Amino acid sequence: MHSTIVYACLLALAVFVALHGTPLAALAENGEGTTQPDYDNSTDYYNYEDFKCTCPAPHLNNTNGTVMKPIGCYYTCNVTRCTAPDTYPCYNLTEHQAKNLTTSPTTLCAVGNCDHGICVPNGTKELCFKAPNLEE
């Protein structure tokens, strides 16, 4: 008796599919659900610059409890030049000033905000210093 019920249900399903098609076939007739992403030529799925900029940007410490900030608004990650987002806080230091920083808070650093890769000073200064693990 049970096998008859299963057979009848399968037969009904087969007739339904034969008459109406599958839901995927209906989507294909409407032009939906059939396109595959072109992984070789598409940038819709990955921001390749973000993917290449996976190294942490070197940041400096400060004495007033605000967030640590990078020296300028760009850094190199492997061979990629990485840029901090606009309005990101930064220190506007010359290369000479940055090289002479120590792990003690002895340098008054100009604070700014990034704008298209440039640290634009905002008129404030704070003592900044290298984190002990900051590479040269």
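Each residue, glycine too, has its Cβ placed from N, Cα and C.
As recorded in Swiss-Prot, the features of this protein are as follows:
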DISULFID  Cys55-Cys77  disulfide bond
DISULFID  Cys73-Cys114  disulfide bond
DISULFID  Cys90-Cys119  disulfide bond
DISULFID  Cys109-Cys128  disulfide bond
CARBOHYD  Asn41  N-linked glycosylation site
CARBOHYD  Asn61  N-linked glycosylation site
CARBOHYD  Asn64  N-linked glycosylation site
CARBOHYD  Asn78  N-linked glycosylation site
CARBOHYD  Asn92  N-linked glycosylation site
CARBOHYD  Asn100  N-linked glycosylation site
CARBOHYD  Asn122  N-linked glycosylation site
SIGNAL    1-28  signal peptide
Cβ neighbours of Asn122 (N-linked glycosylation site) where a neighbour is any other Cβ within 10 Å:
13
When you put Asn61 (N-linked glycosylation site) at the centre and draw a 10 Å sphere around its Cα, which of the disulfide-bonded residues Cys77, Cys119, Cys128 have their Cα inside it?
Cys128
Just name the winner among Cys90, Cys114 (the disulfide-bonded residues) by count of other CB atoms within 10 A of its CB.
Cys90
How many Å lie between the Cα of Asn64 (N-linked glycosylation site) and the Cα of Cys114 (disulfide bond)?
20
Just to be sure I understand: of Cys55, Asn92, Asn100, Cys128, which recorded positions have a C-alpha no more than 10 angstroms from the C-alpha of Asn78 (N-linked glycosylation site)?
Cys55
Residue pair Asn92 (N-linked glycosylation site), Cys119 (disulfide bond) - Cα distance, angstrom, rounded:
6
Residues that sit under 8 angstroms from Asn100 (N-linked glycosylation site) by C-beta distance, when 6+ apart in the chain:
Thr107
For Asn92 (N-linked glycosylation site), just give me the three-state DSSP call.
strand
Within a 10 Å radius around the Cβ, which one of these glycosylation sites has the most neighbouring Cβ atoms: Asn61, Asn64, Asn78, Asn92?
Asn92
Would you kindly give the Cα-Cα distance separating Cys90 (disulfide bond) and Cys109 (disulfide bond), rounded to the nearest Å?
10
Rounded to a whole number, how many Å is the Cα of Cys128 (disulfide bond) away from the Cα of Cys119 (disulfide bond)?
16
Cα of Cys119 (disulfide bond) to Cα of Cys73 (disulfide bond): how many Å, rounded?
6
